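What follows is a single structure, written as structure tokens, with notes after it.
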Amino acid sequence: MAKSKTIKVDYLARVEGEGALYIRYDDGGVQDVKLKIFEPPRFFEAFMRGRDYLEAPDITARICGICPVAYQMSAVHAMENALALQPPPELRALRRLIYCGEWIESHVLHIYMLHAPDFLGYPSAVAMAKDHPKIVQDGLQIKKAGNALVRLLGGREVHPINVRVGGFYRVPAPPELEALREQLAEARTLAEETVRWTASLPFPKFERAAADQYEFVALSHPREYPMNEGRIVSTRGLDIDPGEFEQHFREEHVSYSHALHSVLAARGAYMVGPMARYNLNSDRLSARVLQLADDIGFPPFCANPFQSIVVRSLEVLHAFDEALRIIDGYRQPESPYTSCEVRASTGCAATEAPRGLLYHRYGIDDAGKITAARIVPPTSQNQKTIESDLRLMLPQFMHLPEDELRNRCEQAIRNYDPCISCSTHFLRMHLEQGAGELCR
Amino acid sequence: MNWAIISLGNRFRGDDGIGPLVLDKLRERFGRALDCIENGGDMTQLLEDWRERHVCVVDAVVLPGRAAGDIIRLDGLADPPLETVRTTSSHGLDLAEAIELGRALGALPLRMDIYAICGENFATGAALTADVAAAAGRVARSIAETLVQQTGGPFCTSNP
């Protein structure tokens, strides 16, 4: 009888998604991989029905404490798509600015507090801080600058309350933005050091074979690195308007997960997130970011998911450049928002959350009440790819001792910064004996 | 002395909202004279909020053998941390780890009084359990007494 081993991680996270990991493998290879999300369904799409369309950004912001702006952005764009409402360029710029703040907050938290300890051999950021206090302090300083942006534009840094369909409830006066400039510029210097530091980390070698290459999916905009707008494109030729999303992407239920798995109807698993954005849009990063990437020898196409930490750091730096550019060119809008007559309609939109493409669709009636809602978050889109990463990686790492193998599996999940694995340093893994099977 | 009162927890998740409720009561009494900070789950922000200050931190906990509404007061800089059970969104740290991180980075407050209030229902959308809600007033009074003892003037108001 073949020697069979089972990797079980009972509790992957305490947050937006609660999940576990199960891997069964033997000398012949990996037999089963399941990323189990067991958090009960949260029914956001259901309980939004009957609510006013203006409430959508504030309700959906509550889905995530780390990327509420992403939910707000997809919600307002979808509602504006339904109502054919087009905010002026000044408001568009402010939306991009608050998104910069969220990218900085979210990415830096992941880089420093969650992912970096994996590479340096620490069980947590706290343990890492004892040996590398300067590194962690720098991370907190960078994040603080992102917080300041979100606080100014959103009213507070967690679950902001100032975003509305058509614009904002209040827009800042130019001096308020200028007051942030020095803090952002100082944090940008630290962000540049972060890029050099992440690029120096020891990365496990992992490249998929030609037959298993990722299909990267992201927004793409002709003139800017994508955040709020663009077509949905992929490395295998997909090029669609967000309004066509549901014709090309399908959600499937799997018995072991409460989160739907999203697949490309034509080809199956795909990857969204920083690597997808970067691989499809790297030429639209700021000139200074491109120069730095070139200086450190980081390629314009990255296929090793363990290097996603470098891509995140490049996106942080770009967010600072973009934020400073917007602040320098800011003109206060005449009105904080635009509005229009409500009518029965349907609208959809996709924006780039820190973790990847976030799709929203809403139907509203003549009174502006929501009649239907659909939300496809990035983590659900990446689930299948995370599982296939583990399936493909494990044969390369089976020689590792048990603890290292467990850590490598968790690290592979953290490459995606999924909400479900946000606290995976608390994981326990154990090998257990299956019926009649010999376990180590 | 530079004081701040920090609540941890989410108003919309049952007993997790006890910290924000205590803050509401303190705001009623002291108004803008007292810096009240509602932290919804970003523990790294604590390191900024409590830097070089005296703070009271109010949080909900689940402790075996304790009843809902029980209040445990700790010296956050000296006592061993309680095992808290958080239900709010976060990506990594809890209060005990934030303290440990602050210690590693030399970023602890000058004084930290922790008020841990035992809760039992943390369901999304649930109201505070009656015994937990009742504890809010006791905690607010205790914090107010501490402030008056420690600072005298600015917090000696005639408000009830």
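Each residue, glycine too, has its Cβ placed from N, Cα and C.
The Mg(2+) binding site annotation in TrEMBL covers A:E45, A:I375, A:H425. If you take the C-beta of A:I375 (Mg(2+) binding site) and look for same-chain residues 6 or more apart in sequence within under 8 angstroms, you find A:F44, A:E45, A:T60, A:I63, A:Y71, A:S74, A:L358, A:Y359, A:H360.
The C-beta environment of A:C67 (Ni(2+) binding site), restricted to residues of the same chain at least 6 apart in sequence and closer than 8 Å, consists of A:E102, A:S106, A:A353, A:P354, A:R355. Annotation source TrEMBL lists Ni(2+) binding site at A:C64, A:C67, A:C419.
Taken from TrEMBL, the feature Fe cation binding site covers A:C67, A:C422.
In sequence order, the binding-site residues near chain B (CB to CB under 8 A) are A:C64, out of A:E45, A:C64, A:C67. When secondary structure is read from DSSP and collapsed to three states, A:I375 (Mg(2+) binding site) falls in the strand class.
In the three-state DSSP assignment, the secondary structure recorded for A:E45 (Mg(2+) binding site) is helix. Considering other CB atoms within 10 Å as the measure, the emptiest surroundings among the binding-site residues A:E45, A:C64 are those of A:E45.
Annotation note: A:C67 (Ni(2+) binding site) sits in a coil segment as assigned by DSSP.
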